[in-house]
Every structure is written in C-alpha cells, then in structure tokens.
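J.: Before I ask anything, here is the structure I am working with.
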Amino acid sequence: MASSLPPRSSASSYLKKENAGPARRPMGFKVAPRRNVLSAISNGEANGGTPSASVDGGGGGGGAAEAPPVVEFSGREDVDRLLAEKMKGKSKNDFKGRCDQMSEYIKKLRACIRWYMDLEDGYLAEQEKLRGSIDAENARHTELEAQLSNAIEELKAANMDLTRRCRSLEESFNKEVSEKMIAVESYEKEKQGREAAESTRDILAVDLERVTHDAKRFSEQLKMVQDTNKRLQEYNTSLQQYNSNLQADASKSGETISKLQKEKSVMMETMTTLRECNSSMSNQLESSRVSQQEAIRVKEELRKEVECLRVELKQVRDDRDHSVSQLNSLNLELSNCKEHIGKSSKEHESLSTKVSELEETCNRQQEQIQTFQKHLAVATEKLKLADVTAIEAMTGYEEQKQKIKYLEERLSQAESQIVEGDEVRKKLHNTILELKGNIRVFCRVRPLLGHDGDSNGPEGASISFPTSVESAGRGIDLINQGQKLSFSYDKVFAHDASQEEVFVEISQLVQSALDGYKVCIFAYGQTGSGKTYTMMGKSGVHHKGMIPRSLEQIFMTSRSLESQGWKYSMQASMLEIYNETIRDLLAPVRSNCFEMNTSKQYTIKHDPHGNTTVSELTIIDVFGIGDVTSLLEKAAQIRSVGKTQMNEQSSRSHFVFTLKISGSNENTGQNVQGVLNLIDLAGSERLGKSGSTGDRLKETQSINKSLSALSDVIFAIAKGDDHIPFRNSKLTYLLQPCLGGDSKTLMFVNISPEASSVGETICSLRFASRVNACEIGIPRRQTQARPFDSRLSYGTQPRAYGNIVLAICYYATKKLAVGTATNLVNSIRGH
Ligand code: ADP
Ligand code: MN
C-alpha cells in the first residue's frame, strides 16, 4: 500500500504542476511532437478504443507485466482521461487486483510524468532559444532605438531648418505679396495714367493733324515765300551786278572827269596864250588883209596872162604830139623794112640750099620709087596670099568664140556646184559633229611648272596616257594611293600639247558659228589648272589661246567666203559674272572700280527667236582681229582677280566672251545668225582646300553654286527633263539658248599634274565623264531664207555611214573634187 501512495502523491504534485503549467508555458502544447501523439492514439484505438483497454489486454497476458508501458501522451486530454480513470469492477478486498490496477496506473502515471519531463526539457530548450532570440531582439531593439533617436535628432534638426526656411519663405512671401500689392497699385496708377495719356494722345493726334495741315500750308507758303525770296535774291544779285557795273562806270567817269579837268586847265592856259597870240595875229591880219587885197589884184592880172599863155602852150603841144607820132610811125616802118630785108636775104640763102637739097632728094626718090614699085609688085602678091589666111583666121575666131561661150557656161555651172558643195560640206560637217555628240569634252593636262615643287618628276608620274589603239589620244589614267582610275573623253591633250594642236580640234566647231550655229566653249577646272591659258593664252605667237585663234579663223574664213557672195557683220561683248552680279567689261567709263557700273541693272532677256540681250551691256561692232585683240587686252586687265592659298592670280569670276555673227548671201538670198560664246569659268575647287573666309568664302560659295547649277542644267537636258533649271544661276540663264537643244557645246576640263591637287583632279575628271555621257539634242542653224533641214536625209542612221561621211567631208573641206563629193553624196542619198 505504502508503495502505491507515492505515485498518487506524485500524481497530485504533478497535477499541481500541471495546473501551473499552462500559465507558465503557454506554448508547450503547440511544440509537442505530434507524430508520437497520433501514434499513441492510433495504438489506443487499435487496442479497443481506450489506452486502458490495451493495458487491460496486457494485464490479461500476465507475462507481459514487466513489459514497458506503451502509453504515450499527446496532450492534456490524455492526461485528464488518465486522471479520471477509476478502478473498475474490483471489490474492495481484491487487493491483488487493485494492486495490479494501481501498479498499472502508476506505470501510466510514470509514463505521463516522463512525457511531462520530456516536454519540460523541450520547453526549457525552447525557452533558452527564445531567451537568446529575445536578447538578440533586445540588442537590435536598442540599436534601432539608437538609430531612431539619431533619426529623430536629425529630423528635429531638419524640422528646425525647415521651419526656419518656412519662416523666411513666409517672410519673403509676405514681402512679395506686399510688393505685388504695390505693383498692382502702380499698375493701376499706370493704367490710369496710360488711359489719360491715350486720351491726351488722341487729342494730340487731332492737334497733330491740324498742325501738320497747318505745317503743310505753311510749307507751301514757305515754298512760295522761298520762291519769291529766290526770285528776289536773283533780282537782288542782278541789281547788285547792275550796281557794281554802275559803280565801275561811275569810277571810270570820275577818272575821265579828272582827266578832262586837267585837260581843261591845260586848255585854259593854252587859251590865254592863244588869246595873246590872237590879238597879235589880228594885228598882223589887218596888215595882211591890206597886202592881200593888193596881191589879189596882182594875181588877177597874172591869171589873165597865164590864160593866154596856156592857150598858146596847148597849141604848141598839139603840134609837137602830131610830129612825134609821125616820127614814130616812120621809125617803125623803117625797122620793119630793115628786118624784112634781113629775113629775105636769109630766106634766099636757105631756099637756094633747099633747092639743091630737094634736087638731090628728088633724084633719090626717083630711085626709091623704082625700088618701091618693085616691092609693091611683091607685096600685092603677098596680099593675095594674106587674104586667103585672113579668111581662114576668121573661121578659127568664130570657133574660139563658141568655145569660150561653152567654157563660160561650164564655169557658172562649176560655181554653182561649188556653192552646192559648200552647203553639203556644212551639212556633213554638222553631221560629223552630231556623231561626235553635241556636248563634247576635251581634257587638257598642263605641264608641271617651275614653282609646283612636286616630287613626281617633270611629267607628274601619277598621270599617264594609255597607248592602246582604241584609247590613244582619248584616255587618261590616274594613279591615286595605288589605285588606278581610268577615264576617257572625246579628246585628251597631254602636257606637251601645243595651243596650235588644241585649236585644230576645235576649229570645226568654231566654223559652225559662221554657218549659223550657237556655239559654247567652256574651260572648267580648279584654279591654276590652265583655263585662262587655254582660253586666252599668253603673249607670244605660240601661246595664243583659243579665243584669239577662233577669232582669227572667223575673220579669215568670212573674208574667203566673200567670193561666194557672203557678207558678215560681227558684234562683240564681254562680261564677267562675279558673285552672281554681271559686270560689263567694255563699259566706256572705266574708273577702275565697279561701283559706277553696279548701279546699272544688267537684265538678261531672251526673245522667242533664241536671241539673248543683256540690257545696258556694251556691244561693239568689230571688223577685224585687231579690234578684238585690243578689246580682249582691255577686258583681261579689268577682270577681278582675288587671292587664295592656291593661286595668287586666280580669277574668281566667270568670263564670258560673246561674238554675234550675222551673215547674208546676195546670190542665194540666205541669212544666217550664229553665236560664239567663249567662257573661262572660275576655279572649281571645293571650299575646304582654298582656306577661304569672309568675302573669299562668299565668292567660293557663289562659284560652287553656279558651277553646280551648270552641271544640273546639263544633266537635266541630257535626261530630257521637262523643267531645266536655267534660272538657278546667272551663268546658266545667260547661256540658256546656247545650252539648249539647238546648240553645240564643248567643255575643256583642265587638270593640274601636281600630286597635291589629286583630289580636285579626280573631282574634275568625274564631273567631265558625267558630262561626256550626255547628249543634248540636235543642233540647228539659225537661218532665215531658204530654211532647210540641217540633217541630211540619211541622218536617221548616221552611224552606218559614219566613215563614208567622214571621207567625203575631208574632200569637201579641202575643196578638192567638189563635184565628186556631191556625186558621192547623191549616190548615198539614193542608197
Ligand atoms: P587658271 O586660269 O585655271 O587659274 P592659268 O591659266 O592661270 O590657270 O594657269 C596657271 C599657270 O600655268 C599660268 O602661269 C599658265 O601660264 C601656266 N600654264 C597653264 N597651262 C599651261 C600649258 N599648257 N603650257 C604652259 N603653261 C601653262
Ligand atoms: Mn584663270
């Protein structure tokens, strides 16, 4: 019994503890190992619904008393059930049964206690863990608190700062508000003031109107007054002049008066002396008068005597005259007689000699007559013979006459054939040019100059000329950075080509201008590449450029065409286009600055016949090469010249020489109107290289603009665009009729051989290739009477006959075998 008590007490103490448990460890049950509890319950159920049943079964087995109890606890309910378990079915005296039951129960209690102890251990461990985490939490908390307090401090400070700022902002706001108020007030005031001012302005405007009206009236009056004033002044000046004249007269009169007074005093003196003289004289006179009377009387007597004597004298004179005349006539007769006698004696002598001579001659003549008679006989015979030959000659003469007539007819036929042949030549010439393309491009490479300072050797090793048969004289190769670029054009002139050789190639084109075509020859290229050298040339016969050579040819040919009845008249004009402004290079007033001329408006106009006029431009009639050469020299000096890094004497403008040619043929009634334009373009270099700024930059930009306008026009024409942008630059607009369909264009592309220019050179060559690829329609001559199709009838298939046409043209131009050429052409026509 005693042994059964302790478990009870221990159970009660356990209950006490267990009662206090939940308060002390509220989390204990939650942490309990669930798996054990579930297994305990499942075991209990499997053993008969309650744990005691299994205990009972175990007890029934007897041998299993010492086996460890399998009771396990999952929670309070299990414990409560255990505590509520009662002794069942055993009588009070069945101690053994009760004891077994008790021991069983004790075992269960022990198990229960053990479970509790395990639980407690778990709780303790957990508690430890929790404590540790609490400590950590506390530490973190304190840390956070510290941070928080810091943050609070900071916030406080920030708050303070903000409040301070807020306060200052409020102050400034208040200030602003007050200022605004003031401003509003002043605005109001101003507004009022403005309104007042406006009203006054209106009033003033009315006043002003009135006043201006008055002023106008006054000014009119003033003008009138000024007019009158002026007139008065004029009147005044005339009066003053009159006055001064009068004063001058007065002073002169005063002088004369004083002179006269002096004279008067002198006169007075002389008068007194004269008076004295007079009195003495009158005395003398008296006495004289007496003697005079006597003298008169004597004189009267003497006169009578003289009368008598005169009569006598006259008689005597008459007698003398008569006798003198008689004497003279006698003398004359005498001398005549003397002469007569002299002459007669001489005549007598000469006659006697003559008679003897005549006798001699008579004898001789008789002899001669005899010989003559003999001659005569011979001559008459001869005459008979001559008559016969004369008749023969007459018939010969008639024959000759007929021959001459025939030959004359032949001649006129031949002449007309020549004219016809010339026409054919022109047509063929034109066809050749057509075959060559109407925009033709020649490339010219200038030689290296002394100052070029290039390491490429004298010929500029980077440029070479292919020698293969198909590209000889037409190709050019350029080696740039080891890369070879090949180009080909209608003609390529190497550095050693002379001006003469170059001109030979363009002379036919120049000839076209005389035939009535519009011809344009450009020189394109960078500054210093030889444009001006090519077009104008230098002094010296061999260096003459294309312009003087063309003019020489034109004047020469026009003179030689005179024999065919052609009469030509030519007009020259020269201008330059600088920064898109036209300058007249032949304007008569030439004060070395252009300001005087820029006031003129040079406007370009085209009439429907394709003639271009530039208003106010000087046009000069030229009759020979001499006229043109002096004009060219004058213009070349005037051309504006600028400085860039590339060439000191570079021309920065486009130079345009225009020769208008009108010709008429009396024989055929034909009229032609040709134009020859020779253009030295400004340098084509791009902006970067010339290092330009300011005015130079503007120059370069306008040059680039007009050159690209030129290429745009050429390409648009070649593409057959509806709109050709002629108006984009002065240059293209000026040349519009000469760039259009019915003209012939040649472009020289000039190139420098220096290695430093290679970039520009490539640009120029590329541009030229693009131009060379262009075809600009069919050129047409400008003729008036007898218009004809400038193409021959076989023009539709020109390439098939190209070589034949060329051969014919060669003969035709050489004026050999014109008839043959014409026949050939006719046979081709029939072909
Ligand atoms: P651009 O007019 O293109 O600026 P220039 O005609 O003034 O160039 O030429 C520059 C220089 O080169 C000049 O001194 C000129 O005499 C010289 N020159 C150009 N081409 C030739 C050439 N084919 N033969 C000899 N000298 C030349
Ligand atoms: Mn030049």
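Just so it is clear, glycine is given a Cβ too, placed from its N, Cα and C backbone atoms.
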J.: Which one of these stretches, 180-207, 292-319, 432-459, shows up in TrEMBL as coiled coil?
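T.: So the range that TrEMBL calls coiled coil is 292-319.
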J.: According to TrEMBL, which of these ranges is coiled coil: 134-172, 563-601, 758-796?
T.: 134-172
J.: Mind checking which residues reach the coiled coil (292-319)? Cβ under 8 Å, same chain, six or more beyond either end.
T.: none
J.: Please report the DSSP secondary structure of Ser529 (ATP binding site), reduced to three states.
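T.: In the DSSP reduction, Ser529 (ATP binding site) maps to coil.
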J.: Just the binding-site residues from Gln526, Thr527, Gly528, Gly530, Thr532 whose C-beta lies under 6 Å from any atom of ligand 1, please, or none if there are none.
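T.: So the answer is Thr527, Gly528, Gly530, Thr532.
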J.: Where ligand 2 binds, which of the binding-site residues Gln526, Thr527, Gly528, Gly530, Lys531, Thr532 are close by, with Cβ under 6 Å?
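T.: If the test is a Cβ under 6 Å from any atom of ligand 2, the answer is Lys531, Thr532.
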